[in-house]
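Please find one structure pasted underneath; my questions will follow.
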Ligand code: MN
C-alpha cells in the first residue's frame, strides 16, 4: 500500500514524525510531500501568483515552497511514481473541529486528495491551553492512530469525501474511545487579536485561535473531544444548503 503523508505545520513538524510512526504500522511504502514552512490557516489555497520549488530531502521525502494543497498536488503529479492508495494529513498541532475545517490546511490537504479520488484522512491532536508552543503532546494520536486508521481503511468512502479525525488532549490511557460524530460549530468569536507596535514604531495585529468558546452541539466533534473521545467525522466539499434550495428558487420564479 502506497501512502502519501503531508502536514500543514511543515516538513519538520513534530506531528509529521508522529504520523510517520503511525503510517509505518500500515505500510513500508511511505512518501512525504509537505510544505517547507508552517501553513496553518492556509485552508484550501493554491499558489497561483508565484512559482513553487520542490526540494528532495531523502529518497521519499520532499518539501514544497507552497501550501498544503500545493504539496498534495505536487505529490500526486510529480513526486510519486503512481497514485497513492491513501493520503494522510497531519498529525496537526492543534484542533480541527467544527468550523475550523474551512481554515484548516490539514483538512484541506485531505480534501485535495479526496477530490483526486484517493482515500484521504486528516488527523489532528487537540492540546490544552497550558501545553501550547513546543510542549504539545501527541501521545493520544501516537497511541491511537493505527487503531483509528484500521477500520477507516476497510470502510467504503463515498466519492469526494474525506474523514476528519481529532485526538483529545489526554494521556493515551485516559482516552475514552472513538466516536463517529458530525461537524459542530463554535460560537462566533474568532479567537484573540493581539495589538502592538513593531520595532520601527508601526502598529501591527496578530490573530490567535485560543479562547474560542463554544457550547458543543449534541453528537458533534466538539462534544466528543470535550468528553475525552476521539472524534471521527466524514466531510464533503459540497457546501450547498439543500434546505434553502426550494425557498431560494421560489424567490426568482416568475
Ligand atoms: Mn497546522
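The backbone N, Cα and C atoms fix where each Cβ goes, glycine too.
As the structure is a computational prediction, the values presented were derived from the model and not from experiment.
Not my notes, these are from TrEMBL:
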BINDING   8, 9, 40, 92  divalent metal cation binding site
DOMAIN    3-189  domain 'Survival protein SurE-like phosphatase/nucleotidase'
Which ones in the same chain are close to residue 40 (divalent metal cation binding site), with CB under 8 Å and 6+ residues apart in sequence?
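For residue 40 (divalent metal cation binding site), the qualifying residues are 8, 9, 92, 93, 94, 104, 105, 106.
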Please identify, from the binding-site residues 8, 9, the residue with the sparsest Cβ neighbourhood, meaning fewest other Cβ atoms within 10 angstroms.
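The binding-site residues 8, 9 were compared, and 9 has the fewest Cβ atoms within 10 Å.
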Once 8, 9, 40, 92 are set aside, which residues in the chain still have Cβ within 8 Å of the Cβ centroid of the divalent metal cation site?
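These residues sit around the divalent metal cation site: 7, 10, 13, 15, 38, 39, 68, 90, 93, 94, 104, 105, 106.
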Let me know the model's mean pLDDT on the domain 'Survival protein SurE-like phosphatase/nucleotidase' (3-189).
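Averaged over the domain 'Survival protein SurE-like phosphatase/nucleotidase' (3-189), the predicted model reaches a pLDDT of 96.
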Among all protein chains shown, how many Cβ atoms are found within 10 Å of the Cβ of residue 92 (divalent metal cation binding site), not counting that one?
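Within a 10 Å radius of the Cβ of residue 92 (divalent metal cation binding site) lie 31 other Cβ atoms.
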